[in-house]
2 protein chains.
Amino acid sequence: MSSNGNVYAALTASKLFTGATWPSPSPWPILSRFSEVQSSRLKFALPLPNVLKNHFKLADGPPSSAVGSPDEIKELFPNLFGQSSVMLLPGRDSSEDNKSLRIGVVLSGGQAPGGHTVISGIFDYLQERAKGSKMYGFKGGPAGIMKFKYVELTSDVINLYRNQGGFDMICSGRDKIETPEQLKQAADTVQKLDLDGLVVIGGDDSNTNACILAEYFRGQNLKTRVIGCPKTIDGDLKCKEVPISFGFDTATKIFSELIGNVMVDARSTGKYYHFVRLMGRAASHITLECALQTHPNVTIIGEEVAAQNFTLKNVTGYITDIICKRAELGYNYGVVLIPEGLIDFIPEVQQLISELNEILAHDAVDKEGVWKKKLRSQSCQLFELLPQDIQDQLLLERDPHGNVQVSKIETEKMLIQMIETELEKRRKDGLYNNNFIGRPHFFGYEGRCGLPSKFDSDYCYALGYGAAALLQFGKTGLISSVGNLGAPVEKWTVGGTALTSLMDVERRQGQFKPVIKKAMVELEGAPFKKLASMRDEWALNNRYVSPGPIQFVGPTSNIRNQTLTLELGAQA
Amino acid sequence: MSSNGNVYAALTASKLFTGATWPSPSPWPILSRFSEVQSSRLKFALPLPNVLKNHFKLADGPPSSAVGSPDEIKELFPNLFGQSSVMLLPGRDSSEDNKSLRIGVVLSGGQAPGGHTVISGIFDYLQERAKGSKMYGFKGGPAGIMKFKYVELTSDVINLYRNQGGFDMICSGRDKIETPEQLKQAADTVQKLDLDGLVVIGGDDSNTNACILAEYFRGQNLKTRVIGCPKTIDGDLKCKEVPISFGFDTATKIFSELIGNVMVDARSTGKYYHFVRLMGRAASHITLECALQTHPNVTIIGEEVAAQNFTLKNVTGYITDIICKRAELGYNYGVVLIPEGLIDFIPEVQQLISELNEILAHDAVDKEGVWKKKLRSQSCQLFELLPQDIQDQLLLERDPHGNVQVSKIETEKMLIQMIETELEKRRKDGLYNNNFIGRPHFFGYEGRCGLPSKFDSDYCYALGYGAAALLQFGKTGLISSVGNLGAPVEKWTVGGTALTSLMDVERRQGQFKPVIKKAMVELEGAPFKKLASMRDEWALNNRYVSPGPIQFVGPTSNIRNQTLTLELGAQA
């Protein structure tokens, strides 16, 4: 702030405006400063699985089907359906002829730590095993493909992003390539760049889109192959062949670091209940993993809430019961974890929202509340249960289509208010006689772009290196698959899984749409069972664990997330 | 959640309630689980400055005075005023006779990483140099002294907390020992425990209180000496002899890790403005330090706002100007840092609050707004400028004394709303034509209890070890002082500074109160000048730096905070 207060004039007059600037979203040449930790990661050489260190050949598995509706999937993907998944094995193959390739890469959807490492894995493969290759990055996600916006990825660029967090090398976007016109645009782009292959780094929707592109390109007899890579901090893209999506490990470690700190604070202060909402709208894997790492007093898992048909009152009552019980034990503090998508999992809330949308579309909301008579009795009761400001928010803040914006509700604050009300009631009934102070937190953006953990770094490097290998073998419509993750990196397996084999169809507006179903928290799976077996003890006795900050060197750098560890353990 | 929904009954019936439980705030025996990083820190041996490794003697400095009002300070502290600060030097002293000691320790005020390490420093001194000593921890802060609540600190306890974050070994509290009755209670306690010394670990107020205790005990001819240790993440307790308070280094690194992550996310996504409010109500050191570590687009420093007599409109305008300028450059994203205490620094807001308190104490607030006529014109304009929900909050949510609760205002959200309004106005004037999405964050509790950084660990260990040495030399009324921090640990100096020399008086309700003045951000100091010289460039060009998570081993573990580095550099 300049001292005369006229900052704007000062800025405008400054020399800053004469230099060349880079239009968003391509700020990559601007990254000119690194912290010491960033610098140390830049230079860190990543290990490869043994199979990628020498000559390898491809082994085909049996023909594949689809997880559901194979007939419809076959109709949607006539060129790809049924193809085998493949595995890289030591040996020599005539396809591996070291010819140079032209490869494009795109980041799709929300950020996840490790995206740059996938890209450097692809790049290093091309440098080492397909000399003379060219690599292009599409800017701003799939829109970059459609709009022919790209940048050549040379070592000058790649070396600025090795082991760094974020997607800022080429940025990302949420567009999809779906309509015939959009598919045509994509085909034009890959032809103009004469691409042998395209790697799509994304979540469930983006990998579905990758498969659609692979099918389309093959149907058009284009030489461009398409390989997907499993990315999402949410952890909801996984299956037997793809045991985990990258980014989940790092993001949950960052969130758990913060939760652990807040826990120690709660115990030290003795007077706060920290309510931590965690990113992850569709599935509660992040919340579950953070609970397994930190042992909070309360963990709400959306999938359980839905399966048990819990009401909002049930959830509030459950937390309030534990608060009262802890007060009896002398603990007026605690930590509660809530998934971002909690409200979406509560059936009665969905019902209320849909009734509200209907009513608000046609009627005015009178101050006297006559409009409420249009709500079904259960919905009306639920509405009355909500704190005043949440009621206001539901009625007043609507999206451009006039719909209630449920995603804007700060669930952690809502629960704090509802619990305050419930505790006040119990106080009057002589059932509670203590102080409750809730402190809300939302952790999400803090974890999507952290420096990748050792696990995510190793995993992403193998995913990228493997994806490039699959392209050199001429494969398409596969998702890069790195397995045997319970073993040291050297023994990891590398291959590709037929994307069609992961698919089912959903009927949307009368049409069949192919989808890779999101992997939800399995209530019979090992991670949830572990939580279920421990949570009563964690509720009342304080078993807090503080995971601390991610370490990049030394023995503690090798820790892996609990979800993967428990799932692999259950399989073994 | 048990499947029948009746969790409360299930919990009550469980065996969990039959075991022994520990009343809050003494949960220390419950800490039974450590993460791998916690475990690795437990076993980590800390280095000592060379002077503490062998025999040492005390060297007295010249007689001291006070930073202000020496006559009043002399009157308030007749027994302590004028005493010399001391330095430990290599050599042998007859006072260092290895006699056993009985030492009490208390944690006072908010949590800061390193408190446990100070305690283990004291403990190790006693073990190594005063064999047969006993150590006691007062529970829940100064209240523990007054209420005779303590626990003996043996190696079994200490070894559970080595290098760990938090204050949960003995917990903390915000009480003060001030009235004659309270001082008498404290005297009774130290006599009952037959204490040779008491170490008070706290901030400016707590160290003032330590000095009052030291004076009182000496006046009563008690043998108990009192030594203070400088603690606060806020960084506002410092002077020449005490270059930094412990906890600041760790907390700012944790906040900067998160800010760095959010910055990379902003650049990758290209569509969010993250508004980060940072703990630190009285001074803006934390915000300044985080800015120096991460290079945000906007940094608001409360001390500058106050010095320049900025209005809320100035601040909003400054940020909005930068947003508009960035939009012209193609950047519709950014990161803005705001100190928690911003509102307290804006003179016109203070004026409005005091007028509101006056009006609300006497009049009803009518819906038509006639009451507003009682506001002075400038205050009325400011009130109208505030977003609706902030207006409501000011009018409705008052503390038990009926006062407006300014501390409850989420400044980052308020600024986002005011900037939205301002941008809408500029849009209508054709001066802005882009999308602005603000995302609020508040980082505070996440940083107070993290695992201490290497710097804080080394510093705290020396502070504690040195404090015990001062007690063995029979010193009282000093604050443990570790200096020469620009050099490696081995060359650090160790001594004690007369607490009275740091004091001034404040007139409160007609009485003189001794205070250690909070160290505010100096607008002529090297850290602020660095920010001032860089911020225009950071505003428009993106110079984001992502410090990453604190590393405990390897070369990147030795990074020190910028504020200390720049201040030491300016002194050199």
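Backbone N, Cα and C atoms are what each Cβ position is placed from, and that goes for glycine too.
Remember, TrEMBL labels are computer predictions, not curated facts.
The candidate list B:E340, B:E348, B:E384, B:E506 contains one residue that TrEMBL assigns to the substrate site with B:T232, B:I233, B:D234, B:K271, B:Y272, B:M279, B:G280, B:R281, B:Y445, B:E446, B:G447, B:R448, namely B:E340. Between the CA atoms of B:R448 (substrate binding site) and B:G110 (diphosphate binding site) there is a gap of 8 Å, rounded to the nearest whole number.
For the domain 'Phosphofructokinase' (B:102-355), the mean pLDDT of the prediction comes to 96.
Around B:K231 (site 'Important for catalytic activity'), a 10 Å sphere centred on its CB holds 32 further CB atoms from the protein chains shown.
In the three-state DSSP scheme, B:K231 (site 'Important for catalytic activity') falls into the strand class. By a Cβ separation below 8 angstroms, chain A lies close to these of the recorded positions B:D205, B:D234, B:G280, B:E340, B:E446, B:R448: B:E446, B:R448.
If you measure from the Cα atom of B:E446 (substrate binding site) to that of B:D234 (active site, proton acceptor), you get 14 Å. B:D204 (Mg(2+) binding site) sits 9 Å from B:T232 (substrate binding site), taking the Cα positions as reference. Here B:G110 (diphosphate binding site) comes close to B:S172, B:R174, B:G203, B:T232, B:I233, B:R448: these same-chain residues lie at least six apart in sequence, with C-beta atoms under 8 angstroms from its C-beta. Taking the Cβ of B:E340 (substrate binding site) as centre and 10 Å as the limit, one finds 23 other Cβ atoms among all the protein chains shown. Checked against B:K231 (site 'Important for catalytic activity'), the binding-site residues B:Y272, B:G280, B:E340 differ in C-alpha distance, with B:G280 being the nearest. Other Cβ atoms within 10 Å of the Cβ of B:T232 (substrate binding site), summed over all protein chains shown, number 30.
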